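Participant: The annotation compositional bias 'Polar residues' is assigned in TrEMBL to 603-623. Under the heading domain 'Cationic amino acid transporter C-terminal', TrEMBL lists 546-596. What TrEMBL records for 600-623 is region 'Disordered'. Annotated transmembrane segment per TrEMBL: 35-55, 61-88, 109-129, 253-273, 285-316, 336-357, 369-390, 410-431, 483-503, 515-536, 548-567, 573-591 (among others), in sequence order.
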Amino acid sequence: MRCQDPRQCGQKLIRRQPLKPRKEPVIFLSRHLNIFHLVVLGVGSTLGVGVYIVVGEVALFVAGPAIIVSFLVAALCSVLSGLCYAEFGTRIKWTSSAYRYSYISLGELWAFIAGWNLILSYVFATASVSKAWSYTFDGLIGNHISQALQRAFSQYMPDYLAWYPDFIALAVVLLLTGALVLGARESLLITRVFTGINVLVLIFIILSGFFKGDLHNWKLTEQDYTSITPGSGGISSLGPLGFGGFVPFGLDGILRGAAICFYALVGFDAIVTKEEEALNPRRSIPWSILITIFICFLAYSGVSAALTLMVPYYLIHPESPLPQAFLYIGWDIARYVVAVTTLCALTSRLQSIFFPIPQVIRDMASDGLLFRGLASVFAHTRTPIVAIMSSGNIAGLLALLFKFSDLVDLMSIGNLLVYSLVSFSVLVLRYQPEQTLSKKEEIDISKPEASPSEPVPEARTSRILKTLWFPTSTIPTLKSGQIVYGCTSLLVLLLTILSVILAQWPSQVFSGDPGLTTVAVLLLLLITGVTVIIWRQPKDPAPEYFKVPALPVLPLVSIFVNIYLMMLMTPRTWTQFGIWNAIGFLIYFGYGIRHSLEENDEQQPPASTSQTLDKNTPSPESS
C-alpha cells in the first residue's frame with residue numbers, strides 16, 4: 001500500500017503496537033532468581049572482550065592510564081540507561097527487546113531504527129569478539145599466523161580495511177553459525193563456570209599489577225619518552241604518545257575513551273530478560289543491574305590500573321595486552337594461563353552475543369519490517385535458519401576484513417543509539433494514557449480536533465499555552481501524551497545540537513567565545529523550558545512496577561550523555577554508521593513500510609515463527 005499523501009505517510013511512521021503481548025501460548029515460569037543469581041547472569045554477560053582487549057586499545061591510543069576515569073564515566077552512563085531498562089523490564093513483562101519497547105512507545109520508524117541498530121550492535125560485537133579470539137590464539141603460538149598473513153596480503157589491503165584478512169576469526173564465526181543452525185542452545189552452566197574462572201583470573205591480574213607495578217608509569221615525563229628507541233614515534237613533541245603524566249591525552253582523551261569503553265559495559269540488559277523468573281522484580285531487577293555495573297566497573301578499572309602500572313602505556317600490546325604484560329614483567333607461565341583463560345572467556349562471550357541476533361531479525365521479519373523470508377523456521381531443529389545464516393555470514397565477513405578498532409567503535413555507537421531510544425521510550429510512555437483503544441479509534445483521535453467555538457487565533461494560542469503550563473487533568477490524556485511526545489522530540493534535537501557544539505568546540509565554549517557561548521546558553525534555556533513543560537504534564541499513577549526516579553530529568557540526562565559520547569566518535573565511524581543505517585532505510589522505505597503487520601490488523605505472523613519457537617528461544621537482549 002502506497003502513501004497517498006504526506007499526512008498518511010507520517011501516520012504510518014508513528015503507528016504503535018498496543019501495550020499487550022501478541023497471542024501465543026501462556027507459559028508460567030517459577031520465580032526463583034534472587035539478586036545474587038541475577039548479578040551472576042549480568043556479570044557473565046558483561047565481562048568479556050572489553051577487559052581483555054579493549055583496555056589495551058584505549059590505554060595505548062586514546063586515554064593512557066586515565067582509562068580508569070574513562071571506565072568511570074562509561075559506568076555512570078550505563079547506570080542511567082540501566083535504570084530505564086529496569087522500568088521497561090518490570091512494566092512490559094512479555095518482552096525484553098529495545099525494538100519492541102520502541103514500537104510500543106515511539107512508533108514504527110523508531111522501532112525499526114532500534115531493531116536495525118540492535119542487529120548492528122550484535123553483529124559487530126560478534127565480529128569483534130571473534131577477532132579478539134583470533135588475536136589471543138595467535139599470540140599464544142607466537143604470532144606466526146598474523147605475521148605470515150600480513151606478509152602475504154598487506155600490500156593488497158586498502159587503508160580502510162584490516163592489514164590482513166583474519167581467517168581464524170572467520171572460521172570461529174562460521175563454526176558458531178553452524179552450531180546454531182543445528183539447534184544449539186546457550187548453556188547457562190558454561191556461562192556460570194566461565195564467569196567464575198573469569199573473575200578469579202581477573203583478581204589474579206589485579207593483584208599482580210599492584211605487586212609488580214611501578215607508580216612511575218603514571219607519572220611519565222618527556223624525558224621518559226626520549227629514551228624510546230628511534231622510530232617508535234613522539235620523541236620531542238610526543239605526538240601520538242600524548243603529553244605524559246596520568247592523563248597524557250587530556251580531558252578529550254578521557255571522554256573519547258569513555259565512548260569506546262561503553263562497549264565493555266554492554267550486557268547488563270540480560271538481567272531484564274529474566275523478569276518472569278525473578279523474585280520481587282520491582283526490587284531485584286534494578287538492584288541487580290546497579291550491582292552488575294558496579295562489579296564490572298571495579299573489574300575493568302582494576303585491570304586497567306594493573307596493566308598501566310605493569311607496562312608504560314605506550315608499550316602496551318594492542319592485540320594481546322594482558323599476556324604480553326606478563327611477558328614484559330618476566331612471568332612467562334602467568335602469560336599462558338591468562339591467554340588460555342582469555343580464550344575461554346571469549347568463547348563464552350561469543351555464544352551470549354551471537355545467539356540473540358536471529359531472534360531480533362525474526363521479530364522484525366515477523367512484523368513485516370524486514371523481508372518475511374528471514375522469519376522462516378527449519379522444522380527439524382526449530383531454528384530461524386535464514387536469519388542465522390545471514391547474520392553469521394555478515395559477522396564472518398566483517399571479522400575477516402575489518403579492523404578491530406572499527407568494529408568496537410561501531411558496536412559502541414550502535415548501543416549508545418539504542419540506549420538513547422530506550423530512555424526516550426521510558427519518558428514518553430510514562431506520560432501516555434492507558435492504551436485501551438482499538439486501532440480505528442486510535443487513528444481517529446490522533447487527528448487534530450476541530451474547535452469551532454474558538455475561531456480567533458489569539459484565543460486558541462492562549463488556550464494552548466495555558467494547557468502546557470496548567471494541564472486540565474490529573475491523569476494522562478491523549479492531548480498530554482502528544483505534548484510530551486512533541487516536547488521530547490524537540491529536546492532530542494536541542495540536546496543533539498548542544499552535544500555537537502560541546503564535542504567539537506569545547507575550549508571555545510568554556511573560554512567565553514561570544515558566538516558559541518551565546519548559542520550554548522540559549523540552548524540550555526530552551527532545554528530547561530521544554531523540560532519544565534514535560535514536568536508539568538500528568539504522569540501514569542500505576543504503582544505496580546519499578547519507576548525511574550527524577551522524571552523527566554534522569555532519562556533526559558541519559559539521552560544527553562549518550563548523544564554526547566556518540567558525537568565524540570571519529571568521522572570514520574560516523575561514515576560507516578551512516579552507510580549501515582542508509583541500507584536500513586532503503587529496506588524499510590522500500591519494503592517494511594508497505595508490509596508491516598501494523599498496516600493491516602488482520603495479518604498475523606507466520607505460524608512457523610509464532611508457534612514453533614518455544615520459551616527457551618534466546619531473548620534479543622540476552623547478551
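Glycine residues also receive a Cβ, built from the backbone N, Cα and C atoms like all the rest.
The structure displayed is predicted, hence computed values, not measured ones.
Provide an account of the burial state, proximal residues and distances for the features listed.
Facilitator: If you average pLDDT over the domain 'Cationic amino acid transporter C-terminal' (546-596) in this model, you get 91.
If one looks beyond the transmembrane segment (35-55) by at least 6 residues along the same chain, the residues whose Cβ comes under 8 Å of a Cβ in the stretch are 67, 128-129, 132, 135-136, 188, 191-192, 194-195, 198-199, 202, 260-261, 263-268, 270-271, 274, 278, 284-285, 287-289, 291-293, 295-296, 299-300, 303-304, 307, 319-322, 342, 345-346, 348-349, 352-353, 404, 408, 622-623.
Tertiary neighbourhood of the transmembrane segment (61-88): same-chain residues 55, 96, 101, 217-218, 240, 242, 246-249, 253-262, 264-265, 268-269, 272, 285-286, 289-290, 293-294, 296-297, 300-301, 304-305, 308, 313, 318, 405, 419, 422-423, 425-426, 430, 545-549, 554-555, 557-558, 561-562, 565, selected by CB-CB distance under 8 Å and a gap of 6+ residues from either end.
Here the transmembrane segment (109-129) has Cβ contacts under 8 Å with residues 13-14, 17, 48-49, 97-103, 169, 173, 176, 263, 266, 346, 349-350, 353-354, 356-357, 360-361, 363-364, 369, 391, 394-396, 398-399, 402, 404, 407-408, 410-411, 414-415, 417-418, 421-422, 424, 577, 580-581, 584, 588, 592, 620-621, 623 of the same chain, all six or more residues outside its ends.
For the transmembrane segment (285-316), the residues of the chain that approach it from at least six positions outside its boundaries are 35, 38-39, 42-43, 46-47, 50-51, 55-56, 59-60, 64-65, 67-68, 71-72, 75, 78-79, 82-83, 85-86, 89-90, 199, 202, 205-210, 212-215, 217-218, 220, 224-225, 228, 232, 234, 241-242, 248, 261, 264-265, 268, 271-272, 275, 278, 322, 324-326, 328-329, 546, judged by C-beta separation under 8 angstroms.
Nonlocal intrachain contacts for the transmembrane segment (483-503), taken as residues 6+ away from its ends with a CB within less than 8 angstroms of a stretch CB, comprise 420, 424, 427-428, 431-432, 467-468, 509, 516, 519-520, 523-524, 526-527, 530-531, 533-534, 537, 552, 556, 559-560, 563-564, 566-568.
Beyond the ends of the transmembrane segment (573-591), by six or more residues, the same chain brings 109, 112-113, 116-117, 120, 369-371, 406, 409-410, 413-414 to within a C-beta distance below 8 angstroms of the stretch.
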Participant: Can you name the far-off residues of the same chain, 6+ from the ends of the transmembrane segment (515-536), with a Cβ under 8 Å from a Cβ of it?
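Facilitator: Residues 427, 431, 468-471, 483-484, 487-488, 490-491, 494-495, 497-498, 501-502, 505, 508-509, 551-553, 556.
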Participant: May I ask which of the stretches 253-273, 336-357, 548-567 has the most CB pairs under 8 A with the transmembrane segment (410-431)?
Facilitator: 548-567
Participant: For a three-state summary based on DSSP, what are the helix, strand and coil counts in the domain 'Cationic amino acid transporter C-terminal' (546-596)?
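Facilitator: Looking at the domain 'Cationic amino acid transporter C-terminal' (546-596) with DSSP, the answer is 40 helix, 0 strand, 11 coil.
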